[in-house]
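Going by TrEMBL, these are the annotated features:
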BINDING   Thr345  Mg(2+) binding site
BINDING   Asn436, Lys437, Met438, Asp439  GTP binding site
COMPBIAS  36-51  compositional bias 'Basic and acidic residues'
COMPBIAS  137-146  compositional bias 'Pro residues'
COMPBIAS  182-197  compositional bias 'Polar residues'
REGION    1-54  region 'Disordered'
REGION    132-151  region 'Disordered'
REGION    169-199  region 'Disordered'
Amino acid sequence: MASLARRPFHANHAPFEDRQDDPLAQILKPPPGESAEERARREQAAHEAHRVSLQIDESIQEDRKAYERRKKAVKVLLLGQAESGKSTTLKNFQLAFTPSHFRNERLAWRTIIQLNLIRSLKTLLEVLGEEMSSPTEAPPPPPPQPVLSEKARGKLPMGAPVPLGVVQNGTVHHSGKPPPTSTRSVRFSTQPQSQAPLTDVHRRARARLLPLLKIETELTAKLFPELASSLGPSGDGETAAPRTPGVKEVVVRAGNGWKDVLVKLQQENGNRNGRSLGDELGAALEASKDDIVSMWEDNAVKDMLRRRGVRLQDMPGFFLNDAARVSSTGYEPTDDDIVRARLRTLGVEEHRFAMESGASGQEWYIYDVGGNRSVRPHWIPYFDDVQAIIFLAPLAFNLMLEEDSKVNRLEDSIMLWREICQNQLLEGATLILFFNKMDILQATLASGVRVQKYVPSYGDQPNDVPHVVKYFRDKFRGYHKRLSPKPRPFFCHETSVIDTRATAVILVGVREGILRAHLHSVNVI
Ligand SMILES: Nc1nc2c(ncn2[C@@H]2O[C@H](COP(=O)(O)OP(=O)(O)OP(=O)(O)O)[C@@H](O)[C@H]2O)c(=O)[nH]1
Ligand SMILES: [Mg+2]
């Protein structure tokens, strides 16, 4: 006879709680002398437990479905050093293939762009403050070919003095003569200096603009509370605006839902004046609009910036030329504004795409990573199971890394490329190389910077875009061929991903190529 324990539960006609052989039944047995009220409570609790259990089952089912979906989807990883243009490429993907989703996030970007504008303004006001605090000091003669200072690119901690000389390996050389192997060489134009002096008008305009920095600090702290602890009091004694040591630009931590936080901040009432912080920022910018525009267009300010080697327009997320529009009430970012907005990525962000145009039905996952050296170890778990890598390598042969001013940016890109090529986990992945920021390469070469000075092996080949691109393409191709664990085709595109039209054309080709390789790998074609 089959034992009671092996019989199906429903075959046992004894009430569940009365079964002597089932330990669970014994536990669940009603206590002796249970009142009607206690019984109702117990049954209610059992009912609730059953509901929760069903919910857990459903969520496990959903997780399993999502896992299956992800397994079948195309997965693409965007890699490259910080500021190489990964997030900007992602925005181009969104704009080209999921435009309605891209445009739905317009409101969230408004505040980021306004914060970008204030960040440039902050640098401008700091430089102005330093200049004004030593009014009697005659400005030092400009070096023959001054280079872009660290400060100009927002690389120095707030409050650090603006270097007036040449920056090499993080050291400022004040001799006026560039050292033999100068490292930063984004030169500014040598226009004749006007004699326009800085006056009390500038001082007063600066004082009126300083409160904007305070709102920016508060908003940044609300958006990114993990940074709030680094906020410190201002050190210049002139303003209550706190400083953010080490925090030089808006940062997004992966998966923190910053867009939701932003939209909520823009809609919710804040504590003061019944306005949201987003609205407060908008209103303060509108009130300061004329001062910002006048300050940026002022000849004396332009002279001062030029003399100090500060090129705000080279900072990522530069919107001072659009200050009137960005500061206006009701400002709505254009597609172009969103693409140019700077929001540094920390960690890894997953973006799911259900293509709205072409290849519809196919699901894609694009992973956007932070490129700073300190976060690169977080990339590795994503190497397993990706079909393609888009590797962004600006040909910044004359610039140094922000996180290590001794490391040349292009050398760092080549080192990373080599690691990616030889990685065993990635042996089946298609590698697509983007020589990004071609517009900057063009401008750098046009300004007379010679590649040979930074890359002696370049020799005396012509210092123009086609020759420079060919030289480095051959280098990258060589490593790809030599280091790949098994042969795979080499794809290389020249891009300026802030040019959305040109990038859309490239991305259509890239998408088709990745899809073809994916279908090939699962034997569909
Ligand atoms: N001029 C120019 N600027 C570009 C280009 N691509 C990106 N940028 C700008 O460079 C800045 C950095 O771009 P991001 O896309 O944020 O760089 P990232 O690689 O995501 O950087 P991390 O998140 O720090 O790793 C942004 O302000 C972009 O607008 C380009 O082709 N040309
Ligand atoms: Mg990024």
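The backbone N, Cα and C atoms fix where each Cβ goes, glycine too.
TrEMBL does not curate its annotations; it predicts them automatically.
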**Asked** By DSSP, how many residues in the compositional bias 'Basic and acidic residues' (36-51) are helix, how many strand, and how many coil?
**Response** 16 helix, 0 strand, 0 coil
**Request:** Could you check which of the binding-site residues Asn436, Lys437, Met438, Asp439 have their CB within less than 6 A of ligand 2?
**Result:** none
**Request:** Excluding Asn436, Lys437, Met438, Asp439, please set out which residues of the same chain place their CB within 8 Å of the center of the CB atoms of the GTP site, keeping sequence order.
**Result:** Gly85, Pro394, Leu395, Phe435, Ile440, Leu441, Gln442, Glu494, Thr495, Ser496, Val497, Ile498
**Complete:** When each of the binding-site residues Thr345, Asn436, Asp439 is scored by other CB atoms within 10 A, the minimum falls on Asp439
**Item:** binding-site residues: Lys437, Met438 - member with fewest neighbouring CB atoms within 10 Å
**Value:** Met438
**Prompt:** C-alpha of Thr345 (Mg(2+) binding site) to C-alpha of Asn436 (GTP binding site): distance in Å?
**Reply:** 18
